[in-house]
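Q: Please see the structure below; I have some questions.
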Amino acid sequence: MEHNTDISTTQYNSHTVSTTTLSSFLVNVVTSSKRGNKMTTITAQPPRDEVEPAVPAPQLLSSDSASELSPKAEKFQPGWRFIAAFLSLCIIVLMAALDATSISVALPSMARALGGSAIEAFWAGTSFLLTSTIFQPVLGSFSHIFGRKSLIYISLVFFLAGSIIPAVANNFTTILVGRSIQGVGGGGIIALTEMVVVDTVPLRERGKWFSFFGMMWSFGTVAGPLIGGAFAQKVSWRWVFWINLPFLGIGTVLITVFLKLNQRHGEFLARLREVDWIGMVLFLGSTTGFLIPITWGGVQYPWDSWRTLVPLIVSAAGIVAFIVHQEKFAPHPLIRTSVFKNKSAALLYLTTVIHGIILWAILYFMPLYFEAVKGMGPIMAGVALFPWTFTVAPGAVATGIAIAVTGKYRWANWAGWFLATLGSGLLILLKPDTSTPAWIFLNLVGGIGTGILFPAMALAVQASASVKDQAYAANMFSFFRAFGQTLGVAIGGVVFQNQMKAKLLTYPLLADMADTYSKDAAGLVEIIKGMPAGLMKDQLKESYTDALKYIWIVATVLAGVSLVATLFIDEFDMDIEMDTERGFKEKSKVKDAEKETH
């Protein structure tokens, strides 16, 4: 596909970034869990590190025997200092949410001011998502060695640099560099704030606390586009980046004053030797080499281009090499493979990727339906997504509270995937002439289902891990969701291109343009809007709706697969005593004799 310099098609990136926000929101509502109830007992493989005592795997127990075999967590009673520290984390989460959403509506103004092309605008948004995804496991691993708070500071520095560079940029290349750096900081904020909660809040209570992060993302999702639009139209698009600085300043001060965590002690050089440098290079190189062609396939280059296929093949080999290195050679692995080595964990990580695929595909392509078929503008298309965005947060909050009360999470996974399957299926009913009340209802069910799944899957993932591995499990949960989100746009794009071309070929008036029109779902929005009313425009809208229908079908099938998969996850006991050396200093239960090496 040739590089298109038509500025109007920067709309493409607008959707990408706005979805990033929503996704991040979803990513942050997540995290928390531990063991459950059942009649059998299993033993998962302990961590391979000889320096750390093997930790017993989570046990499947009946309610009665659980009290006999598992140390129970004391009632969680946070003090004012903990609450203040948590609020400081909420501030930086809100900052990340506002940044991710506000840039979406400012991109057209940025492109016009700097003379950027559609491809450059596309990468300005996508680069943030890519670096945010691939650096989450790396920053999480570093935080096990150097401490959560230190890595939070480093993430804030990256976010600061990534805010200033685009704010003073005079070309899109500089903006691309800044957004990539900002993505590293954003990924760190997403991963590390969640890991702090895992370290400081008992498993059963975590869902309630993560719901506050969800509220921050919900507010950012709604307010971000309004703020970005106001800056772009009334002041300057550069203020979309400058506005981050007050949040960074306030958040940094409050974190310094109130976030007091227990830290490991040791020489800096000794800690550097614990870093899995080879694993880090293999991981970053392989995931970058995989995600970049997945992202530009069908947008910048055709899927059958060597520029797409060669990086995919090389990165696949790199991923295999990374896994072998982690299993056989790394004394201090970047990723603890023990978090994958039980049936429930494997199924849950699979469904986490699928959840990311479905969520991202719907949040990216649904606004295109509202714009191309319903004739809405970008901001109104975002408003039309409210049935999704406004139901995700309440669904997540209610589920987190319910799991805390019941101590069970399997029911929430089943309910969430049932509603997600039903909600995705209902989208198949969308037509060009679907009424407003109808499309609002059709979007509500899926929003509730995906909202339920955020805390449900996060808690289940952590419950399936040993006590010492829960922070690692939470980190990988965030990574796999972000990984799935990147795949979601790619899979949706392939489905759209194939179905759009097939449908256009059935209309004599549009057959000659089938190849051109089917290549760019977002760019086609402007073509449809610019057409005069008539048969050709009606047929193009019909084709567009029909192509999107197959994306909803794929989402429905994947959701159904996940529903079946979650029938086989186990219920682990969630009332387990915390055992962490990184707890909040106000109520520390650290065992000095057991120092982690990760």
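Using the three backbone atoms N, Cα and C, a Cβ is placed for every residue, glycine included.
According to Swiss-Prot, the record shows the following:
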TRANSMEM  83-103  transmembrane segment
TRANSMEM  122-142  transmembrane segment
TRANSMEM  150-170  transmembrane segment
CARBOHYD  ASN171  N-linked glycosylation site
TRANSMEM  212-232  transmembrane segment
TRANSMEM  239-259  transmembrane segment
TRANSMEM  277-297  transmembrane segment
TRANSMEM  309-329  transmembrane segment
CARBOHYD  ASN342  N-linked glycosylation site
TRANSMEM  346-366  transmembrane segment
TRANSMEM  383-403  transmembrane segment
TRANSMEM  411-431  transmembrane segment
TRANSMEM  439-459  transmembrane segment
TRANSMEM  550-570  transmembrane segment
Q: Roughly how many angstrom lie between the C-alpha atoms of ASN342 (N-linked glycosylation site) and ASN171 (N-linked glycosylation site)?
A: 49
Q: By a simple count of other Cβ atoms within 10 Å, which of ASN171, ASN342, the glycosylation sites in the record, is least packed?
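A: Fewest other Cβ atoms within 10 Å, among the glycosylation sites ASN171, ASN342, is found for ASN171.
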Q: For the transmembrane segment (439-459), find every same-chain residue at least 6 residues outside the stretch whose CB is under 8 Å from a CB in it, and list them.
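A: That would be 26, 29-34, 203, 206-207, 210-211, 214, 348, 351-352, 355, 358-359, 362, 366, 384-385, 387-396, 398-400, 403, 409, 412-413, 415-424, 426-427, 429-430, 474, 477, 574.
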Q: Considering pairs 6 or more residues apart, do the transmembrane segment (150-170) and the transmembrane segment (239-259) have at least three CB pairs under 8 Å?
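A: By the criterion, they touch.
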Q: Look up ASN342 (N-linked glycosylation site) in the DSSP assignment and report helix, strand or coil.
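A: Reduced to three states, the DSSP call for ASN342 (N-linked glycosylation site) is coil.
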Q: Spell out yes or no: are there three or more C-beta pairs under 8 angstroms between the transmembrane segment (346-366) and the transmembrane segment (411-431), with each pair 6 or more apart in sequence?
A: yes
